[in-house]
């Protein structure tokens, strides 16, 4: 039994690694193909004399920039294979990582072509910009696209540093679709790389159409149809602690919804002053085919309105997303470490049938005993799974960067004493950002390989 | 990424680039002005190269030089200093990535007296403006060099090369040997 499960987990892990390598390879190939098309079209000619050099490099940066921009869009498009392979958060982290390089590539594209074409026509680059807008097809739009792109990347960088509210970022981010669409025409009308009749044109068209279709399908059509199909309605709101409620939703044909405990869903509650924002919350119970449950803490923003939500409220959703679930397992043993509401996805994961008796270690943390949310349920599941359970209650010590409570810290407890077998376990960590980072750091120090560490950080 | 996959991705990318490079070399060679004279059969007949074996020329950039190897220069009967009779000779239509190019050459007194651009690259307005600037420059160079073998105009490689190929075919039709 255990060996069967061990094989299954191992196979699932290998398959995920293989998919990951395959997808990464596709990205490398896409860059290579784009360059190959350029070369096949005689692009090397640009590099044979100094006067064409700027134009040549400008074209190449534009091509690579466009290619990676589409990769960025796909990474954020909630494509199931990407989500199941890398996880939602990793995919979005990659998306963010590409933001600046892509902006620089496209800025270089613009600047170099202004210089290159300027040399040919005898204008300085600024005059050449006006010349291009006046004389070439779709260039006005292309410059608008460039401006939009700068706005999107700059606001994203600022929001990540938390100077702008999330909703503002969201609205501005919608402009990125405008940027891509505005830049699209000039690539096909003026950009000779996509000239009529060349197969490069069809390759790029397929790439663009495919990407836009993926966005339309996975970000719009699928969530809308699933929301209509399941017609979720709030059925119960239970107060777990002051400022914390569990919301249970029922709906039609929920057996067909492929969700796993620990995954998250973007929820939209159709109640006054709530419907216009969607909230990402993890499932706090494994879906049982009849209902879905989340546990929500008042974080001060619109989420405090969720505490008083009425049964009967209609709910639409996008998801489930993420691989903070059994999908990330690499080995049979697992250590779960949760703090506050971070306990709730862990509680859902404890229901995982792949998790066998004696294989789990559960470490829970709360500043007060009341903040060990879903305590009773979690305790019962730990008993059922013969899991080793440790609860660390109390404030963290002052002046020490630790994720432990002061009491546990001073009595010499460490990750390795709380979970002796951690090196050979999957470690699932869920809690506030900084706390989670501290746990991850200690897990790495304890010798846990990176691929066994699965962390979910909340607070946007 | 695991090492084996990284190797595969790297090697595959290099292979894709190599294929592109190889294809590109062919494209470039075929769009360069052919140094071997382009003869078009019994050319001098009407001095109209487009009317003879070169109609609807498909010397598209990618389809390699198809016309260059037809026949070794059979010099036209009329022998002036340059071997060319006076008159206007039409050049071939050359396809480039930026559209087709065709020029006519006016031979007077055995010399290249003028070149008239019948059609210049016109796909995209940028290439129109490039053409309009490059063509007079090439024309001037040809008139002073009395040959289609002149240097390239930077930034207008395709236009220049198409122009010179069309011109060379017209000169061949004229039996112009420089």
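The backbone N, Cα and C atoms fix where each Cβ goes, and this holds for glycine too.
Given the ranges A:84-101, A:102-119, the record in TrEMBL names A:102-119 as transmembrane segment. Residues 62, 66, 69, 73, 136-139, 141-142, 144-146, 148-149, 151-152, 155-156, 159, 194, 201, 204-205, 208, 215, 277 of the same chain sit 6 or more residues outside the transmembrane segment (A:167-188) yet have a Cβ under 8 Å from a Cβ within it.
Sequence-distant contacts of the transmembrane segment (A:21-47) (same chain, six or more residues past either end, CB-CB distance under 8 Å): 53, 55-57, 59-60, 63-64, 66-68, 71, 81-82, 85-86, 192-193, 198, 200, 203, 207. Secondary structure counts, DSSP: the domain 'FAD-binding FR-type' (A:227-327) has 16 helix, 43 strand, 42 coil. Remote same-chain residues near the transmembrane segment (A:139-160) are listed as 96, 99-100, 102-103, 106-107, 110, 129, 132-133, 166, 168-169, 172-173, 175-176, 178-186, 190 (criterion: CB distance under 8 Å, separation of at least six residues from the stretch ends).
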